[in-house]
């Protein structure tokens with residue numbers, strides 16, 4: 001070794017090595033290769049990490065795209081379901097045929113329509129409860145069985161002829177009670193299919209910018225269903241007169257057509273109605289309760305025995321805990337990649353989420369039922385829709401009362417055909433529902449005040465609801481005043497137009513208001529409670545009409561003509577709608593006092 005001073009920096013020189021040693025070329029190349037390999041290994045790891053990030057982003061976008069596709073397809077299925085579900089609104093197309101072909105009295109015809117109304121409205125709270133907790137598809141499947149059973153039974157009951165107590169012939173048809181049973185199934189199927197479709201749209205678009213329009217479209221489609229179905233019955237499924245001309249609807253063929261159509265659409269709804277991202281909706285509902293001060297954190301998160309244990313699965317949140325409509329294969333592959341501890345943690349989160357949903361829905365139901373403004377809204381809805389339903393069900397028998405006895409052209413009555421009125425009501429209702437739903441999105445005040453304040457024009461949804469109710473009021477005034485429709489039967493078309501506009505707009509705005517004021521997470525239950533109300537109103541005003549009609553009818557053939565057949569009923573309906581306007585105005589005042597954005 002060469003000597004070196006302690007102060008110098010130690011270094012190795014060439015003299016420290018044997019000049020005659022063999023160079024280890026392999027070692028140098030190996031070292032260089034090792035260093036290069038090390039650099040490449042680090043680059044590969046970096047590349048793999050970035051690749052994993054990119055793959056996760058792609059997978060996240062793929063899941064998001066799949067959710068949006070499911071959301072759109074569910075919306076399309078919901079619109080198709082509603083486009084067929086309102087078949088009961090075409091009752092006036094064949095209601096008069098029950099009088100002539102089955103020899104039913106006006107009491108019995110009204111009994112059939114009333115039973116259908118009660119079956120359509122009374123179970124709605126139960127159906128809404130099931131829809132919120134177990135998802136819409138089971139409800140759509142139930143509607144398939146109810147519609148198929150109801151319309152096929154009604155078809156063959158009609159084909160069998162008059163019942164024994166309505167004819168003197170030795171051969172008679174099935175009892176009147178069988179027709180009642182058939183329309184119980186039809187009414188229940190209507191509410192099942194309608195509620196499952198509307199609830200799907202309300203939840204899937206709860207946070208969308210145009211949620212009012214997305215909710216108004218299926219509701220409008222429901223009103224449109226009566227129009228196209230009645231037109232099919234009147235122009236395609238008609239009876240031929242002896243001279244070859246087109247007669248009235250063939251009721252048997254019409255019922256069979258409705259049975260097949262609604263069974264097919266019900267199966268489509270069973271497969272296509274899905275709620276997307278329901279867990280986010282639940283979290284949003286809990287956050288709203290926290291901000292409002294109604295929710296104490298310890299109230300839910302404190303572990304306490306639950307008297308009603310949460311079910312294994314609920315809604316669209318299955319064992320994966322996801323409210324998205326994700327295929328089970330993806331959930332299985334995700335679970336397969338998790339460790340045992342991660343699986344346990346995931347299942348614990350799923351159980352907690354299920355528990356949270358049931359707690360939130362129960363709390364929301366209690367808050368809704370104890371809110372005084374809800375009962376004002378529901379009472380007004382009862383007083384408004386009852387007369388509207390009674391009008392739609394009985395216009396088929398009002399038309400003959402406006403036809404003079406010496407009027408011989410029965411193919412063109414002065415008040416118009418029943419199918420024409422049904423189409424006018426359906427078309428006007430559809431336009432009103434879409435129009436008011438769109439306006440409620442464009443001009444409704446924001447739920448959270450803008451900062452800085454926005455300069456756009458905004459007004460409450462009640463500004464649209466109250467004038468809509470006034471249009472319905474004018475429709476009945478047109479019938480109630482003896483010098484209008486009674487003297488000029490063609491004005492009956494004006495009443496049908498006003499009924500369609502006012503009735504349709506109210507049926508669109510009331511569920512929108514419910515989803516805005518009380519949230520969308522419990523929408524099916526809340527809307528089911530309010531939708532129960534028209535049952536009483538429709539039954540009451542249909543009974544009033546049948547009593548007035550029967551008292552004014554001739555004793556021989558039971559037919560009635562003139563203002564006395566409907567005048568008293570129309571006056572009462574006008575007063576009922578006026579009271580509804582007052583109740584809604586009072587509810588609006590209370591919402592203003594509580595700073596509730598409507």
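Even glycines carry a Cβ here, placed using N, Cα and C.
Checking TrEMBL for transmembrane segment across the ranges 34-57, 178-201, 274-297 points to 178-201. Among the residue ranges 139-158, 299-318, the one that TrEMBL annotates as transmembrane segment is 139-158. Note: the stretches the transmembrane segment (213-231) and the transmembrane segment (72-95) are in contact (3+ CB pairs below 8 A, sequence gap of 6 or more). Most Cβ pairs under 8 Å with the transmembrane segment (569-591) belong to 462-481, among the candidate stretches 72-95, 139-158, 251-273, 462-481, 527-549. Of the candidate ranges 72-95, 178-201, 251-273, 462-481, 178-201 contributes the most Cβ pairs within a distance under 8 Å of the transmembrane segment (527-549).
Same-chain residues lying 6+ beyond the ends of the transmembrane segment (72-95) with a Cβ under 8 Å from its Cβ atoms: 109, 112-113, 116, 120, 140, 143, 151, 186-187, 189-190, 193-194, 196-198, 200-201, 204-205, 214, 217-219, 221-226, 228-230, 233-234, 249, 251, 254, 258, 261-262, 265-266, 268-269, 271-276, 325, 392-397, 418-419, 421-422, 425-426.
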